[in-house]
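*Asks:* Per TrEMBL, the feature domain 'NADH:quinone oxidoreductase/Mrp antiporter transmembrane' maps to 123-379. The transmembrane segment annotation in TrEMBL covers 6-28, 40-57, 69-92, 104-121, 206-228, 240-258, 270-292, 304-324, 360-379, 385-402, 423-442, 448-471.
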Amino acid sequence: MDLPPNLYGISALAPVVLMTIAFAVARFSSWSPAALWKGFQMLSIATLVLTLVTITLGNPPLLVSNGWITASLFSLSLMALVQGLGTVIGSFSSRYLQGEAGQRRYVAMLAAVLACVQLLLLADHWLVLIVAWAGVSMALQPLLCFYPERPFARLAALKKRIADRVADVLLVGAAVVAWKEVGSGSLSALWGQIAQQQDSNLALQLSAIMLVLAVILRTALLPVHGWLIQVMEAPTPVSALLHAGVVNLGGFVLIRFAPLLEHAALARAVLLTFGLVTAVLAGMVMLTRITIKVRLAWSTVAQMGFMLLECALGLYTLAALHLIGHSIYKAHAFLSASTVVRQTRLQALYTASAPTTTSLVAAPLLAAGIVLNLVAFAGKTAWPWWWSAVLGLAWAPLLWMSNNQAGAKGAACRSGQLISGTLLVTGLTLVTYAAHLLPLGLQDSPHAMGGLIALAGMATLYVGLALLQIAPIRLERWRRWSYSGFYVDEAYTRLALLLWPAHWVPTSRTSDELVASQLPPQIEA
């Protein structure tokens with residue numbers, strides 16, 4: 001069943017309207033926290049159902065585009081994903097924050113974040129994009145400072161606010177340059193003009209560079225990543241929302257601006273550099289951290305670098321799959337973080353053993369061979385050979401075999417590890433390949449030179465990881481540097497506090513004030 005374009009537009013905008021209503025109710029009504037949570041859940045579920053119905057009724061990849069918003073199967077799928085995660089996070093938050101002061105503000109800002117994210121996913125105009133992305137940032141700030149007495153929460157909010165404001169300036173600059181060149185603020189008009197040109201002129205090149213820099217700042221790539229690590233002081237559901245549906249919005253923006261990136265080699269080079277360096281260094285740091293939430297945060301930094309690297313290489317379908325998979329995984333990981341403590345204690349009962357040297361060498365070759373053969377067997381090349389090698393390096397640890405037992409029992413254990421690892425690599429490859437068959441309307445444009453550079457960088461990361469397994473004592477100095485995050489964030493923190501001084505340490509309070517702060521308020525403002 002096909003609906004008229006106007007009805008598609010109304011249906012696509014309905015999630016934004018419903019979440020705005022949820023914000024208004026939480027902000028201005030006198031409902032109790034329990035009633036607010038119930039109302040939010042009802043509106044959130046209705047939003048999710050309406051989005052799914054819109055997807056079901058739409059057949060073509062592009063459903064509607066009127067110069068201000070555009071609704072495609074890809075954007076609507078992400079809207080359903082974000083709203084689904086928002087519904088789960090809201091349900092979790094209602095229990096997690098039970099008895100806490102400030103629930104009214106929390107519900108309002110959660111709804112505001114979801115409304116702005118939904119609007120951003122529909123943006124087909126520079127003004128809509130700028131307003132929506134700025135709205136996400138401003139609505140997120142009160143959630144990050146939900147516990148204002150925590151110094152690192154305030155520091156993280158300050159550093160994020162600085163990065164966001166600089167990103168806003170860059171995004172406005174990109175919009176002004178492109179608008180002046182095209183004569184319209186419509187993104188569809190921008191794509192049309194780019195399609196008529198063989199090469200982008202200097203103005204559009206400059207616009208692309210400013211856009212890429214804005215995305216780098218908002219996606220928490222090195223060296224402005226520190227706020228994403230320190231934001232662990234916020235409530236756990238806020239971390240889940242941030243990592244699953246906010247920080248990765250930069251990937252969606254780059255996928256939307258693929259036509260502009262494909263005509264801006266310098267912008268892609270900047271994106272490749274920051275993405276690759278972030279993926280390699282953050283990947284090393286992640287392996288040295290012990291705290292569960294901090295390790296997950298460093299994992300997000302590394303994954304964001306990897307996703308933006310895919311965009312720089314023109315692998316937009318893989319970047320979209322990465323965005324979706326990362327959102328689902330990180331939401332689950334943060335919301336179930338408490339169970340990891342029990343799992344860690346159980347694992348501590350068993351003696352960990354390092355992988356064998358043979359498996360360290362053979363694993364990337366075997367993984368790359370599996371990927372290459374499966375893609376060749378499918379008969380359609382979904383990605384270049386060098387990306388199969390990158391995937392082989394990324395999935396090689398799944399094929400590592402330990403040497404903790406000798407004899408027949410040890411051989412059986414290693415055989416089981418090899419079989420399970422092979423099945424995992426096979427499954428991941430098939431899922432990745434299947435994503436290229438979905439009618440998302442994305443067009444890949446692989447860049448071989450950048451791909452070889454990315455392959456060299458990922459090989460360096462794998463070699464470093466393998467050496468840490470073989471000779472950890474000899475690399476103790478490198479391990480200490482890695483544990484400290486290579487001291488990159490310290491430099492950014494000093495610069496931020498020097499240029500924008502702020503009282504990020506709360507003032508001391510009297511004992512009566514501390515006791516009063518722990519009591520539930522009679523009337524919550």
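In case you wondered, yes, glycine gets a Cβ from its N, Cα and C as well.
Automatic, uncurated: that is what TrEMBL annotation is.
Set these features in their place in the structure for me.
*Replies:* Within the chain carrying the transmembrane segment (6-28), a Cβ under 8 angstroms from the stretch's Cβ atoms is held by residues 36, 39-40, 43-44, 46-47, 50-51, 53-54, 58, 63-64, 66, 69, 71, 76, 79, 83, 104-105, 107-109, 111-112, 114-115, 118-119, 122, all 6 or more beyond its ends.
Within the chain, the transmembrane segment (40-57) has long-range Cβ neighbours (under 8 A, six or more residues past its boundaries) at 1-3, 8, 11-12, 14-15, 18-19, 21-22, 26, 63, 71, 73, 76-77, 79-80, 83-84, 86-87, 90-91, 94, 107, 110-111, 114.
Long-range contacts of the transmembrane segment (69-92) within the same chain: residues 8-9, 12-13, 15, 37, 40-41, 44-45, 47-48, 51-52, 54-55, 58, 61-63, 107, 110, 114, 117-118, 121-125, 128, 187-188, 237, 240-241, 244-245, 252, 255, 320, 323-324, 327-328, 331, 335, 439-442, each at least 6 residues beyond the stretch ends and with a Cβ under 8 Å from a Cβ of the stretch.
Using a Cβ-Cβ cut-off under 8 Å and counting only residues 6 or more beyond its ends in the same chain, the transmembrane segment (206-228) has close neighbours at 133, 137, 156-157, 159-160, 163-164, 166-168, 170-171, 173-175, 177-178, 181, 200, 242-243, 247-251, 253-254, 257, 260-261, 263-264, 266-267, 270-271, 274-275, 277-278, 281-282, 297, 300-301, 304-305, 308, 485, 488-489, 491-493.
Distant neighbours of the transmembrane segment (270-292): 209, 212-213, 215-216, 221-222, 225, 232, 254, 261, 298-299, 301-309, 311-313, 337, 340-341, 344, 450, 453-454, 457-458, 460-461, 464-465, 468, 479, 482-483, 485-486, 488; these residues of the same chain sit at least 6 beyond its ends, with a Cβ under 8 Å from one of its Cβ atoms.
Within its own chain, the transmembrane segment (385-402) has Cβ neighbours under 8 Å at 313, 315, 318, 353-356, 358-360, 362-372, 375, 413-414, 417-418, 421-422, 424-425, 428-429, 432, 446, 448, 451-452, 454-455, 458-459, 461-462, 465, 469, counting only residues six or more beyond its boundaries.
Nonlocal intrachain contacts for the transmembrane segment (423-442), taken as residues 6+ away from its ends with a CB within less than 8 angstroms of a stretch CB, comprise 61-62, 72-74, 77, 255, 258, 316-318, 320-321, 367, 370-371, 374-375, 378, 380, 382-383, 391, 395, 398-399.
Distant neighbours of the transmembrane segment (448-471): 268-269, 272, 276-277, 279-280, 283-284, 287, 309, 312-313, 354-355, 357, 360, 364, 384, 386-387, 389-390, 393-394, 396-397, 400, 478-479; these residues of the same chain sit at least 6 beyond its ends, with a Cβ under 8 Å from one of its Cβ atoms.
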*Asks:* Hey, which bits of the same chain come close to the transmembrane segment (104-121), Cβ under 8 Å, at least six residues off its ends?
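*Replies:* Cβ under 8 Å, 6 or more out: 15-16, 19-20, 22-23, 26-27, 33, 36-37, 40, 43-44, 75, 78-79, 82-83, 86, 89-90, 93, 97, 128-129, 131-133, 135-136, 139-140, 142-143, 146, 241, 245-246, 249, 252-253, 524-525.
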